Amino acid sequence: MNTSTSTFVRTEMLPEQSPPLTEAGAVKWVRENLFSSVLNGILTVLGVAVVAYIIVGIAPWLSRSVWNAGSLSECRQIIAATWGEGVTGACWAVIRERWPQYLFGFYPSHLYWRPVLAFALLVVAVAPVLFDKLPRKMLWFSLVYPAVGFWLLWGGSVWVPVTALAGFAIGYAAAKLIQPVAGTILATIAAVLAPVLWWLFLAGPVADALHSIMPIALQGVRSREFGGFVLAFTIGFTGIAFSLPLGVMLALGRQSDMFIVNKLSVGFIEFIRGVPLITLLFTASLLLNYFLPPGTDFDIILRVIIMVVLFAAAYIAEVVRGGLAALPRGQYEAADALGLDYWKAQRLIIMPQALKISIPGIVSTFIGLFKDTTLVVFVGLLDPLKGITDAVRASTDWKGIYWEPYIFVGAIFFLFCFGMSRYSMYLESKLKTDHR
Amino acid sequence: MKQSVFLGTLAATTLFAGMALAQGTSTLDTVKARGELNCGVNTGLVGFAAPDASGNWQGFDVALCKAVAGAIFGDASKVVYIPTTSSDRFEQLTSGKIDFLIRNTTWTFSRDTDLNMDFVGVNYYDGQGFMVRKDLGVSSAKELNGATICIQTGTTTELNLADYFKANNMTYTAVPIETNAEGEQQYLAGACDAYTTDASGLAATRAAFADPENHIILPEIISKEPLGPAVRHGDSAWGDVIRWTMNALVAAEEFGITSANIEELATSSQNPEIQRLLGTSDNLGAMIGLDADWAKNAIKASGNYGEIFAATIGESTPIGLARGLNAQWTQGGLLYTPPFR
């Protein structure tokens, strides 16, 4: 290199310049995201206008909130005294006064600790299912929890849930005993038949006998005393817990080559999906009474739960079938090639993948189920949204209140549904194994 | 062979269940054996049936439940209140989930005959009215030609409204609503010129407005709405219990028996009618399968008819209903109980 050419070449780096004003910082973001074209600009302005309009409409009402009052008229007086005549405000005092009713319905007030404890234990029981970092031994508690929860909520003799649980142990024992002697099919049949016989004929007398020997009991609470969020959670969580396994079984049944199993599954799924949930609830609440002998007290919440489980299971079945259909044929063949039997193949290879694919659909169904629990108002149960709200509004103190209870109940439902939705996203990202 | 046995068993079971439901023991015996009265009430209607903050049911209809429980058990608290909706109330009754229905239900021909119910009396004479804004400048329902009217769908009020406007050669635009609360909102938001429902409901609705003075209830009552308790068709003995408990409350007001002076009258009254009613002379209770002091216990539950009315929906309450048709026959009303003899 000589000096004559070096004059055309820089020997030192230029200092970095800041990017043009329109290509950096907030301005760039606004240009790219809000005003990237004329149409987007118009839409942005319209959107902001709508949001502003809503806020301007609601914010003053919300800002004039009253929390301490004994009745709607008292609320109005306080609002008039604080912010002047003629303005409107939110009267949250109704939530404050009827808070226990929204939470517990007509559950006896000195027993409120029981639903609270049941809910706390539910969190403990669900945690190991949701998060696999927790010790696996906790799953044993999750398995026993339905009986614990039932006992805490409804009370009565402790032996009723214990003997009910014993049915599962009996089924397991029957399968283990018969398997070596008579083969898998008979063992499966025994595993189903033995518990059913136990529940139908023996569980009741055995529970009574045990109770007379060792009476351990909580004060009984009847189903019609349930209401509000205790009712919604009881139905919602039981529905969720039982509809998933049933739905998976139905999905497998629909894929099955066995004629009867296949046709029964298809018939069940199509029938349940073709009928509105309210029809099923009415059937459970009213039509059944005509068939059962008079005096039979078949618990109304139990009937509703059964119907909700069947309803959700039919939808879950179709969602899971979607997941099964998305699996490449090779996965099934690989399982066969490894010499796995049907159940092992399902458990180890097919289901983990199919369920992973189905997560968004399954969670959507669960969210729908949880919100559908408010429909029980049509069979005379006091759901939080309409049942309790109507009852509250029917008192002379709170007649005329309208938005506050709806907003409150809506907010609680949103909290739980949003939680489920976020969990499903967490699960999806955790289980993501592909490299997109 | 096996199949025919199965079918036979199935048929026998069905037949047995059906027969048991049809014949059964009398409802009174069932209730006594159960130790509780299953009373079908409204899920919530101001003044008539509503739970308070601690879950105790109160109201005009609820008071009758308490009176019947008092008459049967001598204890007004032995009632299980089963909320019924307007769509399932009759099914609840015919299927036996409730012992009797007291849910501000209008006694009509078709319900009494076709729906297999027996109405045993009237505990409140209601009628359909209209509410309008004062600044609408309307003083009579006859001036509502062309108005938009908020109306609950699927109720007798909807049919009454159509009848009334047709009879008076007027037209209207219906704004269908589902519940009373929704109707209030629509009316206040100006979605309709007039709101129509039972007059008792209108009074309660208006009382809950922030500005009741700006709304008027028009003087016309366009329908008869006799509200009363109902039992299953053919359940006459049980119907008697309900009917005469209700009559006892009415008679008590006529005779001046109140919850305050009932004990005193029961021991000291020389009036033979009061003596018969309170069970100090004849034993009327035995004729309907109850104790001699059944009526006394029924009245003690929440007072006589007038006391119940005043405490739940009367003029001293926020609802502020006048007695009107529901006054004693001696006061120009329709309450007239047959003699206790």
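In case you wondered, yes, glycine gets a Cβ from its N, Cα and C as well.
Nobody curates TrEMBL annotations by hand; they come from automatic prediction.
Residues or ranges marked as domain 'ABC transmembrane type-1' in TrEMBL: A:229-424.
Distant neighbours of the transmembrane segment (A:38-62): 87-90; these residues of the same chain sit at least 6 beyond its ends, with a Cβ under 8 Å from one of its Cβ atoms. Look at TrEMBL and you will find A:38-62 (among others) tagged as transmembrane segment.
Residues of the same chain lying 6 or more positions beyond the ends of the transmembrane segment (A:111-131) and with a Cβ under 8 Å from any Cβ of it are 100, 103-104, 138-139, 141-142, 145, 148-149, 152-153, 155, 218-219, 221, 230, 233, 237, 423. If you look up TrEMBL, you'll see A:111-131 (among others) marked as transmembrane segment.
Sequence annotations record features per position, and here TrEMBL assigns transmembrane segment to A:138-154 (among others).
According to TrEMBL, the transmembrane segment annotation covers A:185-206 (among others). The list of residues near the transmembrane segment (A:185-206) in space but at least 6 beyond its ends in sequence, with Cβ under 8 angstroms from a Cβ of it, reads 159, 163-164, 166-168, 170-179.
What TrEMBL records for A:226-252 (among others) is transmembrane segment. Nonlocal intrachain contacts for the transmembrane segment (A:226-252), taken as residues 6+ away from its ends with a CB within less than 8 angstroms of a stretch CB, comprise 101-107, 115, 119, 122, 146, 153, 265, 268-269, 301, 304-305, 308-321, 324, 346, 351, 355, 362, 365-366, 369-370, 373-374, 376, 381-384, 387-388, 412.
Among residues of the same chain six or more beyond the transmembrane segment (A:264-288), those with a C-beta under 8 A of the stretch's C-beta atoms are 250, 253-254, 256, 298, 300, 303-304, 306-308, 310-311, 313-315, 317-318, 372, 375-376, 378-380. Residues annotated as transmembrane segment in TrEMBL: A:264-288 (among others).
Summarising the annotation, TrEMBL assigns transmembrane segment to A:300-320 (among others). Only residues 6 or more beyond the boundaries of the transmembrane segment (A:300-320), in the same chain, are considered here, and those with a CB under 8 A from a CB of the stretch are 223-224, 226, 231, 234-235, 238-240, 242-244, 246-248, 250-251, 253-254, 265, 268-269, 272-273, 277, 280-281, 283-285, 288, 354-355, 358, 361-362, 364-366, 368-369, 372-373, 376, 379-381.
According to TrEMBL, the feature transmembrane segment maps to A:357-381 (among others).
Residues or ranges marked as transmembrane segment by TrEMBL: A:401-420 (among others).
Long-range contacts of the transmembrane segment (A:138-154) within its own chain (CB-CB distance under 8 A, at least 6 residues past either end) are made by residues 114-115, 117-118, 121-122, 124-129, 160-162, 164-165, 218, 220-221, 223, 226, 230, 234, 238, 241. Outside the transmembrane segment (A:357-381), and at least 6 residues removed from its termini, the chain residues within Cβ reach (under 8 Å) are 224, 226-227, 231-232, 235-236, 239-240, 243-244, 277-278, 281-282, 284-286, 300-301, 304, 308, 311-312, 315-316, 319-320, 322-323, 326-327, 387, 390, 413, 416-417, 420-421, 423-424, 427-428, 431.
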